[in-house]
Each structure stands twice: as C-alpha cells, then as structure tokens.
C-alpha cells in the first residue's frame with residue numbers, strides 16, 4: 001500500500017518546485033524535463049491504482065486514475081511548451097485552462113465523496129490537488145496572483161502523502177503495532193465490510209465518467225469564450241482522455257461490465273477524432289471536413305447501446321442519449337467540432353458527466369444509495385412475459401468454463417460498422433487527410449477491434465479472436481496507407497500482392513466459420529467483398545459504386561451481429577438469432593448436450609463424476625499434467641470399455657492411479673521394503689513408477705480386465721499431484737488411466753478437446769480449463785530396484801537428477 005502514496009507526493013513535489021521557481025528567468029526544472037517526469041509518474045500512479053483496486057476501495061482508484069490522466073495531459077502540454085510548439089503569448093494559458101478547470105472540479109467531486117464516506121486522508125489529498133488546479137486557473141487569468149499559492153497546495157499534498165507513507169512504513173517496521181491515525185488499513189477494511197459494497201458494480205465507471213468531462217470542457221471553454229481558439233495545445237487533453245478511456249474499457253471488461261465498456265470505447269473514439277480535427281490545421285490552413293453519413297451511423301449505435309444500458313441502469317442509459325445528440329449535432333454542422341452547436345452539447349455533457357460520476361462515486365461506497373432507477377426497470381421487466389433479463393453470474397459464462405473478462409464482441413462488431421461506413425466517404429484524392437477518416441478507421445476499426453480480439457482470445461474463442469485481430473491489422477494498414485496518403489497516386493502491384501495474401505487468410509476464416517454459425521459466415525464472407533474492393537482499388541480497376549456497395553453490405557451485416565450480441569447478452573431468450581453452424585461436425589459443439597461438462601472447481605461436480613465412474617462410465621478429467629480418460633478399477637466392464645475406446649497400441653499400456661498408499665496397504669507384504677519407501681518418497685508427483693506385476697494387482701478388484709492394464713510383466717502406477725484428481729480417487733478407489741486422445745495423436749491439453757477427440761466413448765468431462773503443464777509425466781523403471789538399478793522409459797516434467 002505504500003507505493004501509490006509515494007508516487008503522489010513525488011509528483012506534487014516536482015510541481016511545487018516548478019511553481020516556486022516560476023518567476024525566475026531560468027526555472028529549476030525545465031518544462032520539457034518536468035513533462036517527461038510527469039508522464040512517467042502518471043503511468044506509475046495508474047498502475048498502482050489498478051493494482052490496489054483489484055483488492056479494495058474504489059475511491060482511491062478513481063483518484064489515482066483521474067490524477068494520472070491529469071498529469072499525463074499536463075506533462076504533454078508542458079513538453080509542447082518546452083519544445084516551442086506554443087509560440088504565441090496566450091497559447092500556454094489557452095492550452096492549460098480547460099484541463100485545469102476540469103480536474104479542479106473532478107477532484108473536488110472525489111474529495112466531497114471521500115469526506116461523506118469518512119476517508120479523511122483521501123479527501124484532503126483530493127481537495128489539495130483540486131485547490132492547486134483552481135489556483136492555477138486563477139493564476140492564468142489574473143497576473144496579480146503569485147504562483148506560490150499553487151505551490152503551497154502541492155506542498156500540502158506532499159506532506160499528506162509523506163504522512164501516510166510514514167504511517168505505513170512505521171506500521172510495517174513495528175510489526176503492526178504503531179499506526180498513525182488515518183493510516184490503519186486493517187481498521188479501514190473492517191469498516192468497509194460493515195458499509196457493504198455495491199454487488200457487481202463496476203468500480204472503474206466513475207473514473208471513465210470523470211474523463212468524459214475532459215473533451216467536453218475543451219470544446220465548452222471555446223464556446224464560453226474562456227479560450228480564444230481550438231488548436232494543437234488542446235490535443236494532449238483530448239488524446240489523454242481517449243487513451244485512458246481505452247484502458248478503462250479493458251478494465252470494465254475485467255469488472256464483467258460489457259455495456260459500460262462498450263460505451264467507454266465509443267467515447268474514446270470521439271476523443272481521438274476531436275484531437276485529430278485540432279491537429280490537422282497545424283499542417284494545412286483549412287479545417288478538416290466531416291463525413292455526415294458516418295456520424296449518423298455512430299449516433300444510431302450510441303442510441304441502441306443507450307437503450308440496452310438503460311435496462312441495466314436507466315441513469316447511464318439517459319446519460320448516453322446526450323452522446324446521441326452530440327453525434328447528430330456534429331453531423332448537422334459542416335464545421336464539425338469547431339461549430340457552436342456541438343460545443344453547446346459538449347457543455348451539457350460536461351455537466352451530466354459530473355453529476356453521473358458523483359452518483360457512481362457515492363453509490364460505490366455509501367450505505368444509503370442514490371436511486372438510479374434500476375429497481376423500477378427490473379419490476380417492469382418482471383411483469384412482461386416476453387423479455388427476461390439475464391442474471392449476472394450466468395451472463396458471462398465463457399466457453400472455457402472460466403474467464404476474467406466479459407465478452408467484447410459487441411464492441412468489435414460496432415467497430416466494424418463504424419470502420420466500414422467511414423470507408424464509404426469519398427475523400428478528395430489530392431488531400432486525403434482533409435476528410436476525417438483516419439481516426440475512425442484506425443482507432444475504431446483497428447485498435448478497438450484488436451482489443452476486442454484480445455479479449456475474445458482471453459475467453460477462449462480462438463476463431464473469433466483470430467478473425468478480429470486479422471481484420472484489425474487490415475484496417476490499420478489499409479487506413480494508414482489509403483487515407484494517410486502514403487500510397488499516393490502510384491498504385492502498384494505491391495499493395496495488391498499484400499491484399500491477395502490477406503484474402504487467402506480470410507478465405508480460411510470463411511471456411512472455418514461454416515462450422516461456427518450463420519452470422520459469422522456472412523460476416524467473414526462480406527468482409528471478403530470489402531477486401532475485394534481494396535484489391536480493385538489497388539490495381540485501379542474499381543467499378544464506380546462497387547466499393548460503396550461492398551462496405552454498406554459489410555456494415556449492415558456487422559450491425560445485425562452487433563444487435564444480436566447485445567440482445568443475447570441482455571435477455572435470456574435469444575431475440576436475434578446468430579443461426580446454427582452451416583455445416584454440423586460430429587464432435588464439435590454437440591458435446592455439451594449429450595455429454596455433461598462439469599466445472600472442476602466445484603466439489604459437487606467431482607461427486608457427480610465419481611457417481612458416473614461407480615456406475616461403470618469412463619470420464620475425461622484434468623490432472624497435474626494433461627487431460628486423461630479414466631475408469632474405476634472396481635468396475636471390470638468400465639476398464640474394458642476404456643481399453644476399447646482407445647484401440648490402444650501395445651506400446652502405450654494403461655496405468656494405475658491411487659490417491660494414497662493406504663489403498664495398497666492390504667498388499668503391503670507383497671512389496672519389497674525398498675520399493676515401498678521409494679513410493680512413499682516419490683509421490684504425490686508427476687512420476688510414474690513401473691513396478692513388477694504380482695498378486696497385489698488382484699487386490700484392486702479388476703478381475704479378468706486386469707490383463708488390459710500394464711504389460712504381462714509390469715504395471716505403471718502413481719499418485720497424481722493434483723487435488724481434484726486425488727479427491728476423485730478418494731471417492732472412487734483406484735482408477736485405470738489412459739491419455740485422452742486417439743493413439744498417435746497429440747496430448748489433450750483442454751477440456752474442449754476431450755469430447756472432440758473421443759466422441760461418444762466418454763461419458764462425462766470434468767472441466768479444469770487449460771492444462772497447467774503440457775509435458776507428460778516422467779516414467780521410471782523400478783522393476784530391478786532391489787539390485788540397485790533404476791531406468792527411465794521417458795523423462796517428462798521431473799528431470800532425472802531429481803528422481
């Protein structure tokens with residue numbers, strides 16, 4: 001708990017020094033250096049906040065993320081000033097004001113909530129930083145105020161941070177005896193548990209909403225005449241907000257809140273586009289033009305998202321409607337972000353973001369909640385027979401049985417819609433950058449889709465993630481070359497070769513999606529059309545209107561997928577079907593219906609698997625190495641069935657597993673003392689011992705089926721080093737084991753592969769996710785152990801030296 005509280009005073013100390021030495025000719029810390037240092041500290045602070053948040057209070061998290069975003073924007077502005085990019089006299093003031101004003105207000109909100117929630121240290125830190133920002137705003141607007149007031153506020157933060165850090169260090173050094181008041185986290189934790197935290201709420205939402213105030217304030221300040229013009233100096237604020245919102249988008253997926261995550265992804269696209277519009281005039285005199293159809297599509301996506309979000313929490317849904325009006329206002333005014341209409345809406349967004357963030361901050365910690373209308377919507381939907389809301393835990397049950405992330409497909413589809421409609425704009429070929437396409441295509445189509453693909457990969461959706469990542473790479477490369485004016489007028493064979501290679505990859509994805517579902521098949525197929533239009537464009541054989549038609553078709557298919565993913569994640573009966581697989585495979589997907597797949601984390605699942613085994617079934621189970629197929633020794637018919645299911649080659653005989661040596665105790669007199677001691681020393685571990693076959697095998701109750709286990713001379717036996725497996729063997733007794741794959745194939749390292757490889761030969765699967773080790777066990781030859789020799793049939797995880 002010390003590190004984030006040491007980062008805070010470090011940054012404040014830097015700023016304090018900077019402001020105390022301001023009036024001099026040469027400042028102590030040059031502004032370029034200060035900018036770089038602030039950027040580094042902001043990264044550390046964000047990391048510290050996120051690390052803490054996975055454990056406790058969300059207020060500290062909001063403070064850390066907001067401050068971190070503030071420092072990174074501030075740092076970049078100082079860098080620009082230091083490099084002479086803000087030459088006019090009023091430029092630095094114009095650049096800094098919107099950001100300072102926003103953070104003064106945002107941190108004040110955090111401070112107020114911290115006071116209400118009895119967190120004195122947090123409240124003082126937040127209010128001191130807020131005061132510092134407010135003083136700096138005053139300093140920029142009137143020259144009579146000296147910079148020392150700002151420095152004083154920063155010093156207060158330093159002292160508070162130092163006090164807290166000292167308290168923590170004392171606490172650790174004196175072995176938890178001395179705790180300065182306000183620094184005892186254990187007492188705080190107890191109090192927090194008494195207050196009760198909001199179940200299943202997203203702790204990152206408040207910080208994301210506070211960041212929405214930043215781009216809004218940049219445009220709003222221009223409207224109110226606080227700043228004289230919109231220019232390069234405002235880009236750091238806009239892009240800092242966009243970058244942090246992409247981060248918060250990922251974190252919201254971690255908090256299993258897919259709808260808010262999608263909303264933050266959308267708002268980050270707007271911030272990036274705004275930043276691009278302000279950057280463009282620095283190398284071209286005129287303002288960039290905005291594609292109208294595109295913004296209308298964006299407003300429709302926002303509206304659909306708002307509708308679904310209002311089912312989860314009406315307050316947030318209404319809040320998103322402001323962004324719908326913002327997009328429409330942008331579409332109506334040809335000057336885009338520079339016009340008065342959108343700036344007015346930005347003012348409304350600023351106020352609304354502050355209020356909604358306040359509600360989120362307060363509700364996350366307080367006992368008496370501010371009503372957001374969740375209950376009313378639930379009551380309404382409970383009456384209707386058509387729409388049933390999904391329950392939270394069941395909502396994100398992933399394909400792999402366990403995942404840290406919610407499903408990101410909604411965002412990925414929405415980005416496909418955005419990117420494809422952005423491509424339909426016909427730009428001026430002489431000045432390709434004059435039309436604002438790059439941020440939409442690259443940020444939306446590329447970066448956010450890459451994020452969606454990565455999250456899909458983390459959830460075990462291999463095909464979907466490959467497709468998303470492939471498409472995002474294509475959007476990024478094509479967007480930069482075509483709309484960045486890189487390929488120029490000379491369109492050549494090289495671009496065409498790249499696109500053809502890409503189309504080959506995509507044709508493979510189209511083929512695979514046949515086995516997934518109808519919607520995906522059309523999604524990947526229509527992308528083929530878009531790629532085809534790129535190809536024709538590259539070889540200059542593009543028929544008029546073909547590219548528009550192709551991208552429109554792709555956009556509409558993506559929009560359908562977007563709606564379908566949203567509705568299926570919100571309601572129980574699937575409203576918009578994705579369709580079944582076009583081609584049905586015997587092993588894939590059908591397994592979950594015929595063959596029960598049970599999660600290994602639950603003791604009840606292990607009990608059910610034990611029942612299946614006692615009744616003579618064969619099951620696939622996870623172990624300390626790879627997945628295996630097992631049968632109970634006490635059921636000779638099951639042992640025979642397991643042997644048959646493998647059509648086992650003679651060189652891979654089945655082995656025996658026990659859960660403790662007590663199971664061999666009745667036959668202990670049949671083992672030599674040396675061998676018994678070695679077994680006691682070696683297990684439980686991934687070491688199989690091959691021991692001489694003898695009368696002891698008869699004690700296990702396999703009767704005639706014993707001939708299928710081991711070879712006529714010897715049997716391999718071990719105690720697995722895996723609590724689930726040993727618990728199962730405790731319930732069932734000794735088991736026979738064979739690898740869960742047809743002879744000669746690769747090892748099975750995931751529970752989805754078990755049914756796919758063995759089909760109906762397996763009666764149930766215990767799902768433990770991916771295997772911890774993909775290497776098989778070490779097999780030791782102990783048949784001649786009494787003469788002092790051991791050999792190795794196979795060296796696996798455990799090296800020879802350790803044995």
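Every residue, even glycine, has its Cβ placed from backbone N, Cα and C.
If you look up TrEMBL, you'll see 28-47, 59-83, 95-116, 121-139, 145-166, 231-251, 258-281, 293-311, 318-338, 463-481, 493-511, 548-566 (among others) marked as transmembrane segment. If you look up TrEMBL, you'll see 603-798 marked as domain 'YrdC-like'.
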I need to check the long-range neighbours of the transmembrane segment (28-47): which residues 6 or more away from its ends have a CB within less than 8 Å of a CB in the stretch?
3-4, 7-8, 10-11, 14-15, 17-18, 21, 64-65, 67-72, 74-79, 81-83, 244, 247
Could you tell me whether the transmembrane segment (231-251) and the transmembrane segment (318-338) are in contact, taking contact to mean 3+ Cβ pairs under 8 Å with a sequence separation of 6 or more?
no
Within the same chain, where does the transmembrane segment (293-311) have neighbours whose Cβ lies under 8 angstroms from its own Cβ atoms, ignoring anything closer than 6 residues to its ends? I mean 6 or more beyond.
259-260, 262-263, 266, 269, 317-318, 320-321, 323-324, 327-328, 330-331, 377, 381, 389, 414, 417-418, 421-422, 424-425, 440, 555, 559, 562-563, 566-567, 570
Can you name the far-off residues of the same chain, 6+ from the ends of the transmembrane segment (258-281), with a Cβ under 8 Å from a Cβ of it?
202, 205, 208, 212, 214-215, 218-219, 230-232, 234-235, 238-239, 241-243, 245-246, 248-250, 252, 287-288, 290, 298, 301-302, 305, 308-309, 312, 316, 320, 323, 326-327, 336-338, 396, 406-408, 410-411, 414-415, 418, 433-434, 436, 438-440, 443-444, 448, 451, 569
Paired segments the transmembrane segment (59-83) and the transmembrane segment (145-166) in contact, 3+ CB pairs under 8 A:
no
What parts of the chain pack near the transmembrane segment (231-251), using Cβ distances under 8 Å and only residues at least 6 beyond its ends?
46, 50, 65, 68-69, 72-74, 76-77, 80, 85-86, 91-92, 94-96, 98-99, 102, 204, 207-208, 211-212, 214-215, 218, 261-262, 264-265, 267-269, 271-272, 274-275, 278-279, 281-282, 411, 443, 447-448, 451, 455
